[in-house]
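Encoded as structure tokens, the structure appears first; notes follow it.
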Amino acid sequence: MELHLALLASPLPAAPGRRSLPRSSFATNSTTTINQTHLSPEKQEKLQSLLDTWAEHNLLTFLKPVEKCWQPQDFLPDPSHLSPTELGDAVREIQERAAEIPDDVWVCMVGNMVTEEALPTYQSMMSLVLGGTGADSNPWERWIRGWSAEENRHGDLLNKYLYLTGRLDMRQVEKTIQYLIGAGMDIGVDNNALCGIIYACFQEKATFISHGNTARLANHHGDTALAKICGLVAADEKRHAAAYTNLMRKLFEVDPNESMMAFAHVMQARVTMPASRMFDGRDPRLFTHFSDVSQKIGVYTVGDYSEMLEFFLKEWDISDVVDGLSPEGRRAQEYVCGLPEVMRKLAERADDRRKKLVNAGEPRYIPFSWIFNKQVRV
């Protein structure tokens with residue numbers, strides 16, 4: 001599940017030299033325009049038919065059998081097999097390894113873990129995009145349940161391991177999780193299945209990047225066990241991202257026009273990020289502050305987002321789509337193909353702002369309740 005930078009939760013400007021798409025097609029500021037993002041019953045039925053056939057052999061294969069999956073307990077001290085002294089020694093080893101990890105890395109670790117723990121929200125959302133009940137036996141519903149079951153291990157392992165480090169105010173962390181699940185989410189695509197799948201492509205890819213970078217940072221600061229855990233989570237996310245990406249590639253083949261317009265809608269709409277309603281009972285701008293830290297230390301940056309966008313444009317051969325596009329579909333194609341230039345400029349501006357603040361000697365510090373209100377530079 002994961003995170004985008006706060007600044008990317010707002011609509012993107014039109015690409016330079018290209019026309020903005022009509023707001024009636026892609027804006028999400030009114031009930032009327034949101035309703036226009038629905039797939040017609042005929043197209044919804046066509047999509048369901050595809051998922052009932054193609055997905056059986058091309059999507060479910062990305063899931064691993066439960067017996068071959070790692071489980072959180074594989075990487076945690078086991079009280080049932082250790083004496084009290086041995087258990088105490090094992091916990092002390094965890095805390096000694098974690099001692100050198102700086103506070104800003106802990107903020108990103110917690111933010112990633114909290115986002116993973118809001119899994120009930122994500123499963124509900126993905127099940128609803130095709131009007132499922134949550135218990136259907138069709139391939140899509142089976143995929144969603146299997147995907148969710150694999151994802152569930154991520155939050156479980158990270159939560160337990162971070163607790164054992166002794167570096168965090170776990171009650172504040174737990175409150176944040178409860179607040180986030182209770183807040184729900186609206187990704188701004190009005191249950192359009194194509195938009196929902198594109199959204200999932202970006203989120204799974206972003207999560208892979210983010211956990212991969214926390215693994216790198218944990219290793220750099222000497223906690224090889226935590227680095228391995230983050231790396232395992234990242235590997236799962238990479239596999240899930242590949243599944244959604246392959247599905248979307250097939251959908252572009254089957255219905256290039258609707259898929260293209262869905263892609264443009266997701267990119268231009270004011271899409272709510274999975275953890276954007278994050279709250280700890282104290283900081284109303286917690287997600288923004290968490291995102292600022294993530295950007296600063298390189299866990300997930302505007303540059304990462306730009307590279308990810310270019311990856312999908314290439315992966316889905318967006319610029320080469322010719323047949324099957326309506327005039328509106330072609331405008332959508334022009335729009336998304338021009339976005340990398342916009343994103344590169346955003347990345348450059350973000351980097352320039354950071355350098356100016358550093359050079360001006362105007363550091364900004366934010367307290368995070370997760371780490372006992374310690375101040376972290378952003």
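Including glycine, each Cβ sits where the backbone N, Cα and C put it.
Feature annotation from Swiss-Prot assigns Fe cation 1 binding site to Glu116, Glu151, His154, Glu237. As annotated by Swiss-Prot, Fe cation 2 binding site applies to Glu151, Glu204, Glu237, His240, with the evidence given as similarity to another entry. Under the heading transit peptide, Swiss-Prot lists 1-23, citing sequence analysis as support.
Other C-beta atoms found within 10 angstroms of the C-beta of Glu204 (Fe cation 2 binding site) number 24, with every protein chain shown included. In this structure, the binding-site residues Glu116, Glu151, Glu237 were compared by how many other Cβ atoms lie within 10 Å of their Cβ, and the smallest count belongs to Glu151.
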